[in-house]
Ligand SMILES: [Zn+2]
Ligand SMILES: [Zn+2]
């Protein structure tokens with residue numbers, strides 16, 4: 001969860017600029033201008049702003065239209081879809097606001113995502129996928145229905161698909177195979193092991209690593225990063241979440257990408273500039289900008 005602790009200091013700037021492939025500026029403190037300027041000052045010159053519900057997706061699209069440095073991804077988060085269907089007084093992203101329940105409401109929300117996905121500044125459809133950590137058995141059907149609908153939207157509009165996969169690896173891979181994955185598919189906050197990285201590599205799926213790759217208990221992520229083909233690796237913050245070590249518990253933001261890039265370079269035994277060059281090219285290719 002975002003912390004109210006002091007913001008970590010500015011890292012040493014990257015010599016080769018990169019993109020934060022997945023962030024939530026609308027959940028961070030300060031203005032968009034401040035966040036982008038701070039990021040650009042350390043070589044993070046592009047961000048993909050990700051929407052999690054209808055209003056967040058509309059905001060992402062508007063923000064991307066306003067700033068050259070921002071590209072948008074639009075979706076109903078995997079935890080949002082069941083909430084729309086069933087209604088939830090303790091809504092996670094709606095902060096207690098109650099939405100009228102029912103499958104019709106989900107279809108209505110999906111229609112708005114479909115409309116947004118057509119916009120030129122919207123480069124991705126997501127984050128969508130499956131989350132078995134926060135959504136229980138009762139929400140699974142709605143979640144999978146929503147995931148399949150997002151895959152179809154991404155393919156029809158020729159946009160990248162941004163996957164959120166939490167404790168649902170096998171089912172995410174199964175649904176992608178059943179539906180046929182879009183040409184460009186990104187596993188955001190990659191959370192699989194080295195074996196899954198090999199499966200993703202064979203399928204041509206991008207793997208985007210977040211600050212948790214620096215966590216002490218995350219050797220499985222470092223093992224995955226070590227075997228992932230360089231041309232399929234991205235970096236992200238998922239800010240305000242997942243602040244990289246040694247700043248865990250403090251607020252995350254795109255300007256902290258260099259901390260994660262350096263940790264990733266160490267894992268792969270490569271130099272920072274080589275990795276940054278690949279990350280920048282990969283993100284542009286994945287999102288088609
Ligand atoms: Zn996510
Ligand atoms: Zn996210």
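Every residue, even glycine, has its Cβ placed from backbone N, Cα and C.
Sequence annotations record features per position, and here TrEMBL assigns divalent metal cation 1 binding site to 22, 24, 127, 238. Taken from TrEMBL, the feature divalent metal cation 2 binding site applies to 164, 188.
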Listed binding-site residues with Cβ under 6 Å from ligand 1, out of 22, 24, 127: 127
Residues close to divalent metal cation 1 site centre defined by 22, 24, 127, 238, Cβ within 8 Å: 23, 50, 162, 164, 188, 189, 236, 237, 239, 241
Residue among binding-site residues 22, 24, 188 with least C-beta crowding, 10 angstrom cut-off: 24
List of residues, in chain order, with Cβ under 8 A from that of residue 164 (divalent metal cation 2 binding site) and at least 6 apart: 77, 78, 126, 127, 128, 129, 130, 131, 188, 189
Sparsest Cβ surroundings (other CB atoms within 10 Å) among the binding-site residues 127, 238: 238
DSSP-derived structure type at residue 127 (divalent metal cation 1 binding site), helix or strand or else coil: strand
Mapped DSSP class for residue 24 (divalent metal cation 1 binding site), helix or strand or coil: coil
